[in-house]
Amino acid sequence: MSPIITGLLLAIAIPIFVMTLSGRAGVLLAMKKENRLDNIPLRLKRLALFGLGQKRLVDPEEFTPGLMHVLIYGAFMVLSVRTVMLFAMGFSSTALEVLTDLTHPFWTDKAALVGVYQVYLLAKDVVAAGAILGCAYYVWMRWKVKPDRMSQSWEAYLILGFISGLMVSEFFFGGSHLVAARLASPSSPMFIWWEPFTSLVGMAMLPLGGTAAHALGVAGFWIHLSIILAFLNFLPIGKHFHIITGLPTVFFQRTHSTGKLPTPNLEKEEFGAATVKDLTWKQGMDLYSCTECGRCQTHCPTYITGKPLTHKAVNQDLKHWIWEHERWVEEGYGPNGMKEALPEIVGTALSAETVWACTSCGWCEQACPVFIENVPRLIDMRRYQVQVKAEFPPEIQRVFEGIERQGNPWGLGQDRRDEWAEDLALPTWGDGGGPYEYLFFVGCAGSYDDKQKKVSRSLVKIMREAGVSFATLSKQEMCNGETARRMGNEYLYQTMAKTNVESWNSMGVKAVITQCPHCFNTIKNEYPEFGGEYRVISHTELINELLRDKRIKLSAVMNTKLTYHDPCYLGRHNGVYDAPREVLKAIPGLEVVEMQRSQREGFCCGAGGGRMWMEEHIGTRINHNRLNEAALTLKHAEDPTTPYPDAADKKKPGQVGDYKEKGGTGIVAVACPFCSTMLGDAVNDTGREGNIKIKDISELVADAMEVRGGGAGGVTPGATLSAKPE
């Protein structure tokens, strides 16, 4: 075509791109180091599945938008090869002739190569047409449908225009050569199977004549190259930077449970993230990779209920702040030229209310197509606010003091820790008895909260009936530290964790039963870093095993409707979805109905991330939103499409009474003391005490269990239990 123009375009575009990209890379290099090169085989597998394979994009809840993105993504991957060909054509007339004419002598005696090239051209044509369809779909979505998760911006339309322009220009370029071939030889076909859509464009161009068709082809060629170079330079300054950073972000994702937070080295004075330089390079790459798709918002409890935190906005705010202050970050100084004056994140890029709003439910990370790790970044900011600045919500001061002084967040006396079991004569680990198979870690709620004490007693009843070998720590049990860690008090958490692990290891503990998902997650996923390698089983998994092994029998009939609320730290963070449901299905007479937001799409109760202990002043209460959905589900059990109350809560935060479902009777089953407390509070707040009761799964099982060994409690075989709320 024109080596001079082609070379000039590259000479202008490439240096600008390299300069911009070097600035972006410089920021990452200035951030904290972090090893993300462990377990390479698993990383490559996930890259193939979630990066190249786009598995998360076609989530059932977002199937059509995801499919459209896959079409566009596929076109980019396939057309990238074509773009290289076009640049070669720009520099070489021979390349132009060879790549546009399969009758060229170059292809003689190369039948296999011709076949491969034809298959590629067919794939190119199909995906290009698919990309145009995808772009049209997204224009319609943004212009007409306007889904809440999508922000309206000129950038989105520009990018869709770029992508469509690349595909259309390719069709015009190819079509012009079909027209030229037909005009040169009337026997030349206008429709070829390996370029079906290009052929259709060529047929449409044929009546225009050779000159016009040639002009359109030349225009298509240069428009394609110009768009690709403009697009290339736009990537590092817009949300589509993920085209460059997305695959690396997927590759470098953490390989452990999302419930495990990074453990800083306190001896090296790693006290959290004060400035953006205290973030790791991976956390910086996460910001670059945010596609702003808004999937993190669809079931985010803070966004849905009108809180200041949306992870999309956090990523945008931090990214744009970094880009505006690249030199500060790279060289480590602030506006007055002093190194120590690099502005802190909280108070400049983000507000304190934003940082403290997160419930750490993990929905944002589960929904993100490129596996951005939002929660650890916010916890790092909390760590600095707590451990260095001592600036945090005032109500959590008593929680820290309670854990420090009494080993529990309520601050109740350690001598009262086993009052819940004073008439049960439970064995104590280390009292000379045993050996015991399991340590029953009761947890702070199970020991001190009046409602949760009933759960502890129910679980003991079940384990005794099944003959489970277990013991407790009695008065020696202390908080596992999870609450302190999620609130940012890493020092207190590590103190508790090290103390517990040292004690348990000295006693020979090998397996732990928990009734609290927060305890379960911490002991299972975070204690191993301190030498606490235990087999940890949640009470729902244990009960399910006992039922499967026929070690307990459920005979009482419960004629009532029930819906189950998934705890975030049992379900989303640790994948325990089936066991609780299998247990509930085993209880005679229960009509179990699922909420729309359940299992993978489960909605938080509002207690995680330390929010159990903080006041909720902004927007609608998260627990109210969740209970409203439970009431809707119980009232309209026959209609699974009944909408949940997210949109109303977000649009009119704080006015819970406007959306409170009138009616709805039954049980909301839980498997977490925090969920039980939050949903129980919501029942009282909204005046549903006579309609809905909150029950832990172990309570339901204990109520329905037939005690065959003659122990206390149990029911008469075949009895019918009342479902009337207490």
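Glycine too: its Cβ is placed from the backbone N, Cα and C atoms.
Annotated in TrEMBL:
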- 6-30: transmembrane segment (TRANSMEM)
- 70-91: transmembrane segment (TRANSMEM)
- 111-140: transmembrane segment (TRANSMEM)
- 156-179: transmembrane segment (TRANSMEM)
- 191-208: transmembrane segment (TRANSMEM)
- 215-235: transmembrane segment (TRANSMEM)
- 281-309: domain '4Fe-4S ferredoxin-type' (DOMAIN)
- 348-377: domain '4Fe-4S ferredoxin-type' (DOMAIN)
- 637-658: region 'Disordered' (REGION)
- 647-658: compositional bias 'Basic and acidic residues' (COMPBIAS)
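Helix, strand and coil counts under DSSP for the domain '4Fe-4S ferredoxin-type' (348-377) come to 15 helix, 1 strand, 14 coil. Same-chain residues lying 6 or more positions outside the domain '4Fe-4S ferredoxin-type' (281-309) and placing a CB less than 8 Å from one of its CB atoms are 24, 27-29, 31-34, 36, 59, 61-62, 147-151, 239-242, 245-246, 248-249, 252, 315-316, 318-319, 322, 351, 353-355, 357-359, 361, 363-365, 367-370, 372-374, 376-377, 380, 597, 601-604, 606, 618-622, 625, 646, 649-650, 653-654. Remote same-chain residues near the domain '4Fe-4S ferredoxin-type' (348-377) are listed as 50, 54, 56-57, 59, 242, 246, 249-250, 253-254, 258-259, 261-262, 273, 276, 279, 282-283, 286, 289-291, 293, 295-302, 307-309, 311, 314-315, 317-318, 321, 385, 391-393, 486, 568, 572-573, 600, 604, 606-609, 611, 614, 618, 622 (criterion: CB distance under 8 Å, separation of at least six residues from the stretch ends). Here the transmembrane segment (70-91) sits against the transmembrane segment (215-235); at least 3 CB pairs are under 8 Å, leaving out pairs fewer than 6 apart in sequence. Same-chain residues lying 6+ beyond the ends of the transmembrane segment (156-179) with a Cβ under 8 Å from its Cβ atoms: 72, 75-76, 79, 82, 86, 100-101, 124, 128-129, 131-132, 135-136, 138-139, 142, 150, 188, 190, 192, 195, 197-199, 201-202, 204-206, 210, 213-214, 216-221, 223-224, 227-228, 230-231, 234, 238, 240. Residue counts for the domain '4Fe-4S ferredoxin-type' (281-309) by DSSP state, with H, G and I taken as helix and E and B as strand, are 16 helix, 0 strand, 13 coil.
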